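Marked as domain 'G-protein coupled receptors family 1 profile' by TrEMBL: 66-313. Summarising the annotation, TrEMBL assigns transmembrane segment to 50-73, 85-111, 117-145, 165-183, 225-251, 263-284.
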Amino acid sequence: MLGSKPRVHLYILPCASQQVSTMGDRGASNHSEMTDFILGGFRVRPELHILLFLLFLFVYAMILLGNVGMMAIIMTDPRLNTPMYFFLGNLSFIDLFYSSVIAPKAIINFWSESKSISFAGCVAQLFLFALFIVTEGFLLAAMAYDRFIAICNPLLYSVQMSTRLCTQLVAGSYFCGCISSVIQTSMTFTLSFCASRAVDHFYCDSRPLQRLSCSDLFIHRMISFSLSCIIILPTIIVIIVSYMYIVSTVLKIHSIEGRKKAFSTCSSHLGVVSVLYGAVFFMYLTPDRFPELSKVASLCYSLVTPMLNHLIYSLRNKDVQEALKKLLEKKNISL
């Protein structure tokens, strides 16, 4: 009896293995137990929430009124039945819908105490926003190509920019947006979220969600960077090359009026491209230690850009202005 070995370890090992197993089960099941997220929004004093609420409400009302109005004008006026306005109508549709993915929830959260969004709602928000924002990038490249054909080959414009090609370019833009969105959303929501449920943003975006993850993000970030390069570089190259040819062609025009007319057809598109890509680059080049700057940049391209796009095209486009006057005159006569 005195020489027998203690058997305490027989009782310790099962308990330790059970504890390790329990911890492992918790870590493995953490992702599956995530049912919702908390959208932190802007870090401002409570009294400023009313100001932000009114600002968001005003911007979203302008987006609804402007983009719905632009689509109505393009569909009702036969003179606007051209490739350029076909693309512009699709641009208004995209602006309307991707802002609607963000704005209503953000407006509600200014008055909500919980500020929560369900896991499925967060997935849908990220998927739809990524779908429409990438589609818009490719659509702007298609619009640059359209301006290139219109100015550099005006005699062949109606032949080259056929209805079939325009439809294919728009469908291709949506296809690229869908593929990109599926990859980005699936990569983001296969991460393990174990840090917190609080998303430091006013909508579900990939970067704030990555900060909640305890997974190794190296491969995820490399794939995201590669995907961004595949999306951004081709669209920017198409836009830059198109405008290089456009500028070269316009400079060969001898009359000043001819040059002004040619440049006026491109100035609106350049304005839209500058606003969108400027905000996107500003957001993705902002370090993670400055989340508030990222929110401001996100606000620019998620809400400000859709509000400005139709204003840029309507204020600088005589065809749109005349069509709007004609539509308003019809309504006055009917009244």
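Backbone N, Cα and C define each Cβ position, glycine as well.
Contact between the transmembrane segment (117-145) and the transmembrane segment (50-73) is absent: fewer than three CB pairs lie under 8 Å, with pairs separated by 6 or more positions in sequence. Sequence-remote contacts of a segment are chain residues at least 6 beyond its ends whose Cβ falls under 8 Å from one of its Cβ atoms, and for the transmembrane segment (263-284) they are 84, 91, 136-137, 140, 143-144, 147, 150-151, 228, 232, 236, 239, 243, 246, 250, 293-294, 297-298, 300-301, 304-305, 308-309, 312-313, 316-317.
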